[in-house]
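Here's the structure, in structure tokens; my notes come after.
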Amino acid sequence: MSWGTELWDQFDNLDKHTQWGIDFLERYAKFVKERIEIEQNYAKQLRNLVKKYCPKRSSKDEEPRFTSCIAFFNILNELNDYAGQREVVAEEMGHRVYGELMRYSHDLKTERKMHLQEGRKAQQYLDMCWKQMDNSKKKFERECREAEKAQQSYERLDNDTNATKADVEKAKQQLNLRTHMADENKNEYAAQLQNFNGEQHKHFYIVIPQIYKHLQEMDERRTIKLSECYKGFADSERKVVPIISKCLEGMIHAAKSVDERRDSQMVVDSFKSGFEPPGDFPFEDYSQHIYRTVSDGTISASKQDSGKIDAKTTVGKAKGKLWLFGKKPKGPALEDFSHLPPEQRRKKLQQRIDELNRELQKESDQKDALNKMKDVYEKNPQMGDPCSLQPKLAETMNNIDRLRMEIHKNEAWLSEVEGKTGGRGDRRHSSDINHLVTQGRESPEGSYTDDANQEVRGPPQQHSHPNEFDDEFEDDDPLPAIGHCKAIYPFDGHNEGTLAMKEGEVLYIIEEDKGDGWTRARRQNGEEGYVPTSYIDVTLEKNSKGS
């Protein structure tokens, strides 16, 4: 089925149909563009929604801890990835479908215009041939009529006896002229007619079918392009389906990760005070103040005295525990966190000690690096001045001393909370704590009574010496050995802080290599120092706690 043979006389309708095809193509392109805008707006709104409900983590205390919160934030992350996939869909549609449609529409318009111009030119040429043939035909018709008139005039003069010979001869010449001209026009008309018939046959059987064939191929290619774009439109969505499925699976996994038991335990860990529930209130007999007989006076007096002591003690205890069920005493946050309940105070102190230890480790690493750089400068003066490192080294040493004092102070507070003896790490026996309670102390931080005079404190048992902290700091126990090593090569150890060793010598390892190429070791006589890690063969103990 070909347009050239079936629609040879439908040029105008084919013109309209091809224009409709391009309009439909552009309409579908507009549809794709609006779909892209919807996807982009959807992705943008999803990202704004995620941003709105994501936590603003200004501090560590605001980080999500409960499994339900963590699951929700994981769902938000998955939703953010899902929004990214919607953006991928929009980008793929814009590049593969919309952009391709717009380029193809431009090319289609150009090609259609060219084919229609060729058809119009062929039609104009055929019209021109027809006009030439028609003109020659009219001219031949006119000359035939003139020749016919000349013949009638000649016959009339020839039959007229009164006509002169000259008039007859003139009419005869006129007849011959008109007859000759009619014959010439006849030949011209015949030639034009033959030419027109040839051009017309060529027009309707060769030129027009060829042009219509190009238009048909163009329209079929447009249809194929629409089919490809329909498929690409669906493929853009189908490509992200696996990733979207993973996002949905991640949301389901986050939902399954919610653990109500763990959340309940976190609530306990967050708000546990460490206090014991208050005991029963004793009965206070105020009737003993009533006057009795002399024989009962001595007994009642002794009971009255004992009753007074018990009442004073129990009132102090009662007031010290009432705030657990009422309002907590308000006051400024203290450095030792003594304003917090024991359990919360212990956690805060432990967190602070961990942070201080990390800072101390950084400062120690910086000190080691500065010492090594100083040694390099001393050996190679052209690389730098060793004295230029002295201010920074002194500042680092001051920071280390300050951090050690802070750690020591916080460890003392922590051992007070945990009930340690002497701050060395041994926990007090529960009987010691009970002894303190019987003496009137309600918590490791002291009584929380509203009246300070009612607090009954026991004698200080662990911190009676004012210089105990300093002595403990100066007499730290040596670091425990975490393994041993054997020297592969001898090392001189001339620099300060290093330890000389002989080949084959066995040393204790007290601190691992921090990544700077040095390991801290100790001899059996207690001498310590750093040795090159590449000079020794290290064997670490499996159950060691580290340095």
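In case you wondered, yes, glycine gets a Cβ from its N, Cα and C as well.
All TrEMBL annotations are machine predictions without curation.
Quick look at what TrEMBL lists:
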type	residues	note
COILED	130-174	coiled coil
COILED	346-380	coiled coil
COMPBIAS	418-432	compositional bias 'Basic and acidic residues'
COMPBIAS	469-478	compositional bias 'Acidic residues'
DOMAIN	1-263	domain 'F-BAR'
DOMAIN	339-416	domain 'REM-1'
DOMAIN	480-541	domain 'SH3'
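Secondary structure counts, DSSP: the domain 'SH3' (480-541) has 3 helix, 29 strand, 30 coil. Looking just at the domain 'REM-1' (339-416), the mean pLDDT is 86. Within the chain, the coiled coil (346-380) has long-range Cβ neighbours (under 8 A, six or more residues past its boundaries) at 269, 274, 336-337, 340, 386, 389, 392-393, 396-397, 399-400, 403-404, 406-407, 410-411, 413-414, 417-418, 495-497, 514, 516, 518, 530.
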